[in-house]
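Chemist: Below: one structure in structure tokens.
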Amino acid sequence: MCPPRGLLLVTILVLLSHLDHLTWARSLPTASPSPGIFQCLNHSQNLLRAVSNTLQKARQTLDYIPCTSEEIDHEDITKDKTSTVEACLPLELTMNESCLASREISLITNGSCLASGKASFMTVLCLSSIYEDLKMYQMEFKAMNAKLLMDPKRQIFLDQNMLTAIDELLQALNFNSVTVPQKSSLEEPDFYKTKIKLCILLHAFRIRAVTIDRMMSYLNSS
């Protein structure tokens, strides 16, 4: 029987706060690191820097709206759609793989992250979930940027470096997946709400970028 999702997430967070880098690296069921993993680590580091810079710029530019982590309502757009936290569990918590494979996902990849071709199922599942996260955020950011570009004030729009960093890591992972197109809104955009949404999305994405970077670091050092 799978443990309750809430209890599992709490357990993961407690473990993350106590496990050091090497412990996690030894626990993760992976093959020996390949040059592809090192390349993906570089991409994940670039992504983390890019989203951090974009968030900092947004907080400075949008100083008249709530844009700090204490002020915003935190939202995870991947909730109930992907399972990255569970899929990237360390070995000691991976007691039942069926608990982590509750969704149908494509595990076919030509990406350089798995260039060795001998990665474990759990590693592939983890990287596939990361790929799906990135695709969702990419779609959200592109839709949001299109709205921001319509703002007569032209106050802020997304840094191309961040969008490029997302695309580069997606290409390195290169999983086959079905992208569900977003429906275009016929409503007149509310630019104030869009900017608040931007702050919320950037905070959430930075947290996910930290998780992705740590995951790639563990894979590279294991």
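Indices start at 1 and increase along the chain as displayed.
Glycine is no exception: its Cβ is also placed from the backbone N, Cα and C atoms.
Pasting the relevant annotations from Swiss-Prot:
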| type | residues | note |
| --- | --- | --- |
| DISULFID | C40-C113 | disulfide bond |
| DISULFID | C67-C199 | disulfide bond |
| DISULFID | C88-C126 | disulfide bond |
| CARBOHYD | N42 | N-linked glycosylation site |
| CARBOHYD | N96 | N-linked glycosylation site |
| CARBOHYD | N110 | N-linked glycosylation site |
| SIGNAL | 1-25 | signal peptide |
Chemist: Quick check for the class: what is the C-alpha distance, in angstrom and rounded, between C88 (disulfide bond) and C67 (disulfide bond)?
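Modeler: Cα of C88 (disulfide bond) to Cα of C67 (disulfide bond) measures 29 Å after rounding.
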Chemist: With DSSP assignments reduced to helix, strand and coil, which class does C67 (disulfide bond) get?
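Modeler: DSSP assigns C67 (disulfide bond) to coil.
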Chemist: Return the single residue from the disulfide-bonded residues list (C88, C199) that has the minimum number of other CB atoms within 10 Å.
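Modeler: Ranked by other Cβ atoms within 10 Å, the disulfide-bonded residues C88, C199 bottom out at C199.
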Chemist: From the Cα of N42 (N-linked glycosylation site) across to the Cα of C113 (disulfide bond), what is the distance in angstrom?
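Modeler: Answer for this pair: 11 Å between alpha carbons.
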Chemist: Report, in whole Å, the straight Cα-to-Cα distance of N42 (N-linked glycosylation site) from C67 (disulfide bond).
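Modeler: Rounded to a whole number, the Cα-Cα distance is 28 Å.
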Chemist: Rounded to the nearest angstrom, how far is the Cα of C199 (disulfide bond) from the Cα of C40 (disulfide bond)?
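Modeler: On Cα coordinates alone, these residues lie 26 Å apart.
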Chemist: Measuring Cα to Cα, tell me the gap between C126 (disulfide bond) and C199 (disulfide bond) in whole angstrom.
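Modeler: Here the two Cα atoms are 27 Å apart.
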Chemist: Determine, from DSSP, whether C88 (disulfide bond) sits in helix, strand or coil.
Modeler: coil
Chemist: What is the number of other Cβ atoms found within 10 Å of the Cβ of C126 (disulfide bond)?
Modeler: 27
Chemist: Quick check for the class: what is the C-alpha distance, in angstrom and rounded, between C199 (disulfide bond) and N42 (N-linked glycosylation site)?
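Modeler: Computed Cα spacing between C199 (disulfide bond) and N42 (N-linked glycosylation site) is 25 Å.
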Chemist: Could you list the residues of the same chain, at least six apart in sequence, whose Cβ is under 8 A from the Cβ of N42 (N-linked glycosylation site)?
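Modeler: None - N42 (N-linked glycosylation site) has no non-local Cβ neighbours under 8 Å at 6 or more residues apart.
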Chemist: Just checking, which of C40, C67, C113 (disulfide-bonded residues) has the fewest C-beta atoms within 10 Å of its C-beta?
Modeler: C67
